[in-house]
Ligand SMILES: O=c1nc2n(C[C@H](O)[C@H](O)[C@H](O)CO)c3cc(O)ccc3cc-2c(=O)[nH]1
Ligand SMILES: C[C@H]1O[C@@H](n2cnc3c(N)ncnc32)[C@H](O)[C@@H]1O
Ligand code: MET
Ligand code: SF4
């Protein structure tokens, strides 16, 4: 039994021999993958208010300063994304922002929403109306929260970060591994295609990394919902001076992820933060969401590489580069997806109708989705947009 999860009623059995096997994996033990994928997104930071104060984070604002993007601002942003050929609207915000900030709560009430989850639901609808697929990264949610937002999301995600109790998550209100695992389980119960991952270099040990990966693998084994695991190195910023993990540390952690997870689960590294080229032979097969129109609001000092550079990265590795949707092909309904690798989408379990309607919509973006999903060969990287 895994203690961090137990307090939230999540049972995770860790087999000591599995922990030892994952822990001792090296890059030489894994095969380089045969392709790289990425998604084109527009980043929509709904609010920087957050109930937590993770010490590595520069995203959250001090109480009193954070505001909310209005529905009009959200629509404006997703339109910019749609015009630039993005397929994903990435909604990110602080954890439970209306809990700590009465201003946020009052603003939501004025607009007619009970809480941030109700507002997120509306914002996802706006994205769908504009032809983009919502991928929400909302922090910890309950099962009831997932019931409310699952019908309007193509996929969602929350980083596990680590199963260890680290000082970086300090304070009376703080991120806990138990609650994170509880969130990832609730996503599985709600049938939401899910992204999670490790934040490397926040005080965790090698054993913690192995345990974190096995905890994710265990939840995926039960619910089949993990589409990708991000192996993200911490980066220093204006608020914190965390040291970047060494390249060798990242190489080993990526290889451990590849070994701990079944083959249908992708291993992602973010190309704006990580030493990407040096990780390609360790099992990486995805480069995540890359935006031609917005910065990475979470790590704003780290610019996205141009789409052109992604192609160069793939060329260096000698593998094709495919554009994907925020939701992976195996969760798409039969007839839309590119292959039939795993997944149980034929029974309609995975994607809600409002999302598949957006994918099939007979408009410009609908055509795009179909062409991305049905294409046999590599998708040509779209024309760079201005400023790219
Ligand atoms: O630009 C970013 N995108 C982040 N993304 C977006 C991600 O790259 C893509 O949205 C997914 O791969 C879906 O296409 C996350 C998504 C999650 O579900 C969970 C965590 C992250 C973290 C980041 C991040 O730090 N920066
Ligand atoms: C959305 C995700 O962004 C990540 N995140 C937050 N701050 C940093 C940082 N300094 N470096 C790298 N990743 C970070 C966390 O893993 C969070 O879950
Ligand atoms: C900058 S983090 C954004 C999402 C959420 N607050 C989390 O930590 O998971
Ligand atoms: S990482 Fe997320 S939960 Fe932590 S302080 Fe930043 S916004 Fe809040």
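Yeah, the Cβs are placed from backbone N, Cα and C, and that goes for glycine too.
Quick caveat, the model's predicted, so the values are computed rather than measured.
Here TrEMBL flags 36-272 as domain 'Radical SAM core'.
The number of other Cβ atoms within 10 Å of the Cβ belonging to residue 54 ([4Fe-4S] cluster binding site), over all protein chains shown, comes to 22. According to TrEMBL, the feature [4Fe-4S] cluster binding site maps to 50, 54, 57.
What surrounds the [4Fe-4S] cluster site, by Cβ distance within 8 Å of the Cβ centroid and not counting 50, 54, 57, is the set 52, 53, 56, 59, 60, 94, 95, 175 from the same chain. Ranking the binding-site residues 50, 57 by the number of CB atoms within 10 A of their own CB puts 50 at the top.
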